[in-house]
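Trainee: First, the structure itself, so that you have it in front of you.
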Amino acid sequence: MTDFQRIRNGSCFTDLNNAQCSFRLLVWYSPISDHIPPRHGTLQVRHADDHRVKLKIETLDAELNTSAEDKAKQFDLCSQIGDLYRTELHDSLSALPYYQNMLECSKSLEGDAKEAKANNRLGLTYDILGVKEEAIRCHERALEICRAGETTEPEMCVAYKNLASSLALFDQVPGAKTNYESALAVAMETGNKAELADIYCRFGDLHRNKLDEPQFSHKYYTEMLALARELGWTHTEGVAYGRLGYACSDMEDHEAALEWHLKNLKVKQDEGDKKEEVTAHMDVGNAYIFLDRTHQAMPHFNTALQMAQQTGNLHKQLDACICLGELHRNQLDSPRTAIQYYGQYLALARQLGDRGAEGTAYNRLGLVHHSLWELAAALGWYQKSLEMREEDGDISAQMSQHMNVGHAYTSMDKPEQAKFHFDKALQLAQQTENQQGQMQVYLCLGDLQSEQLHSPRTAIQYYEQYLALARQLEDRGEEGLAYNRLGQAHYEIGEYGAALEWYQKQLTRSQENGDETEQINAQSNVGNAYMNLNKTDQATSHLNTALQLAEQTGDLHGQMRVYFYLGDLYKDKLHSPRTAIQYYGQQLTLARQLGDRHQEGVAYNRLGLSHSDMGELELSLEWNQKALKTFEEVGDTKEQIAQHTNMGDTYRRLGKLDQASSHFSTALHMAQQTGDQHGQMGLYLRLGDLQREQLHSPRAAIQYYEQYLTLARHFGDRDKEIVAYNKLGQALYEFGEYKTSLDWFHKHLALATQLGDVHHQGVAYCGLGAACHGMGDLHAALDWFQKYFEMSQESGDKKEELKAHLNLASSHQALSKSDQARSHYQSALTLAMETGDKQQLAEINLKLGDLHRLQLQEPQVSHKYYTEMLQLAKDLERKDAERQAYNKLGLACNGTQDHEAAVEWHQKNLAMSVENEDKITAHGNIAQSYQAMGKQDLARPHVQAAADLIAGGICSTSCTRMLAL
């Protein structure tokens, strides 16, 4: 996955039961989302001092104790005491036994009206206590009595209304809607405007909160407002303003929402109702938040908190603290201040004995510490929240907290623990038939498999389930995200065609949704897929479109992303690292402007790689060191490992093998310390290559490759296992153990065949051909190379076909079949010209030059090929290839007896030589050229120079030749 593909299009972090906390949630903390309590069929609200209420209850209790024989009086007294507990002190548990006593008394009294009244009170109390079956049973009994004609029509209206509200509370929406309609019909028939206003309010709440139909709720709240104005009920008018504000907010008409909430605030200020004024200030603050007017929101939240503190209203302080915590965490990017407010919220929740709020506080503290990357603290808070939800038996909240705990472990690079909690969350979501929850967990599990467990094929299975649920729920946003993830997973596997198809679906969906940010993302992904399919024209077109959209919309993050991809396109596919550097420079500028240290480090990394491609290795190291320093500062261990690895690669190319080994070893040590076994696996491969290719120690290389193979098998990573077989085959081949090498290449071929991996089958044929060649079985080698050639033709991959021609040419050359060898070299040359691969063109010109010089004895023809090689080396800015071309041109001139020209070429070779062995070769060739011209005095200093280098400890084939001189 590229650095930018790690920037996800959403998060699975769970705030309560919703991903990414929104201030829209804060509506649910406010008491104005509760039912307007019915009191004699009106919307009037009574407030009283708690102490006065308790004194009154004591008086009534004393009177109740002296009226044991008078059931009618007991009935009335129990009703009054229960109402005081329930509506004034909000103590429903204390109210319950008085209402139960009411019901018992009603059985001794004449008529059923009092039984209906008692059941009504009991139903409301059970609603508050969450006792579903008892609540609905009591409301149904009250309605049954009313319909039997034992009560008045207003009381029947209240019975319908209360049953509807109870059904809505327990998510029995169709029944609720039916009973509200019946209540509305009775109220309209009797012309009871007070009840009509209350029913319109409740009906509006049903459509907004349960049916997600704010446009219908707006209609009912408008009717409620008209009646409140007609009746002259100022308080109810304010309630209607508040409700209309909520409806407009749900319809995303935030300007209108603000206007309604400001009207409600003025009503509350005129009334002097401090409790309600606190709520109105918070609603206004929320409205400003939705309009991104944070600094106007802040004074309202601060005022709400101050008023709640002045009046000693702990519940309102609780609401204000959560609002301010959210504001500082989400809008003001001030997590430390958010922690202070969440701490106050937690203390108030504990003081009030509000376990729901206490669990919310733990959740928010976990989220804010997580955002600060204080992972141990975040995990601790998440676990506290999880324990509380388990004690309360809240399955939905348990699911959310298991997800958060899983995310904490993911961030701590502990994928097994993360998977345990995600699996648990999935079980709970399935148990409760929570499809939204299941959908989010499938996304999290897919991301875990893709990013942490490096198993994109398993990730695809989860993403497919995620997509199926998104389609079933008709959630177009999640559907688009599923397309994105499936594209990324196929991209990881190297299935770029499949990735392109998913990205194109993502693009289509984003265009249908009119989401410009998502279109930029999708256009970038489509361009990146085309880039990896080597369709550079289409890639350029989509990336330019993405850039134009990002510039038009002022999306700096989108622009940064596109510059990154354009840089990769020019670096990797168009072989223009200088142009790539310009794009990476623009990426770097934006990263600094946005304060994105991670992407700043990514830009440094890419600039280092580009300079490395140009052969500017010292400059490449400077950029790598900047990248390393940046990732050390942000504490990104994985990227530190990557930068040490890159620096090791660069030092390796510079021939500074001690430094290369040091950086690889540091990276390996860090990977081992953090338990990053995938990182270890990659480093074992590099250390093996270093030992085999440059330290010429295949035995040491074999040990690293064996560790690489062990980890590949441990993870069940068959793709890596294939590479291990190939590397072990190569190392043993270079060690001269051709028979054992042949065995590893056969394993390589068997696994490639089993997986249907055509590319690796071809690589295995090459290895088998090389092993047979080493064993002296040249005809068997030719057969294996022929198989590779046929496979490359079938696949239509011109690069593979080019390599196959080169192998066949070398094999025919070894069999002294020069004409066949020349034919295959010419075919390879044609293919290299078609693909524009200058690197291969230089290599093939070198091989053709050697063939004509050494076997066909045509030095004049070889001179032509070496000249072409020289020009290509200069074009590519490849100093090593340029030096080699000078050497070959000198040898060709020696072959044509033009020794003076030969000396000039060999001297150019000497001037560019860095390694001692190359200098020995150059001195030797100059000496031989002078000897051929009979100029022994000019040859002698070069012989001496070579001898001095040999005496310094260098010994090779060229050394032996010089000693013979």
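Even glycines carry a Cβ here, placed using N, Cα and C.
It should be emphasised that the depicted structure is a prediction, and the values quoted were computed from it without experimental measurement.
Pulled from TrEMBL, these are the listed features:
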type	residues	note
REPEAT	278-311	repeat 'TPR'
REPEAT	359-392	repeat 'TPR'
REPEAT	399-432	repeat 'TPR'
REPEAT	480-513	repeat 'TPR'
REPEAT	520-553	repeat 'TPR'
REPEAT	641-674	repeat 'TPR'
Trainee: Taking the repeat 'TPR' (399-432) as the first stretch and the repeat 'TPR' (480-513) as the second, find out whether 3 or more Cβ pairs fall under 8 Å, excluding pairs closer than 6 in sequence.
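Mentor: Between the repeat 'TPR' (480-513) and the repeat 'TPR' (399-432), which are separate recorded stretches, there is no contact, as judged by 3 or more close Cβ pairs.
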Trainee: Going along the chain, which residues at least six beyond the ends of the repeat 'TPR' (480-513) come within the CB cut-off of under 8 Å?
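Mentor: Distal contacts: 1, 5, 9-10, 443, 446-447, 450, 456-457, 459-460, 463-464, 466-467, 470, 519, 521-523, 525-526, 528-530, 532-533.
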Trainee: For the repeat 'TPR' (520-553), what are the same-chain contacts with Cβ under 8 Å, counting residues 6+ beyond its ends?
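Mentor: For the repeat 'TPR' (520-553), the list is 2, 4-5, 9, 480, 484, 487-488, 491, 496-497, 499-500, 503-504, 506-507, 510, 559, 561-563, 565-566, 568-569, 572-574.
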Trainee: Per DSSP, what is the residue tally for the repeat 'TPR' (359-392) in helix, strand and coil?
Mentor: 31 helix, 0 strand, 3 coil
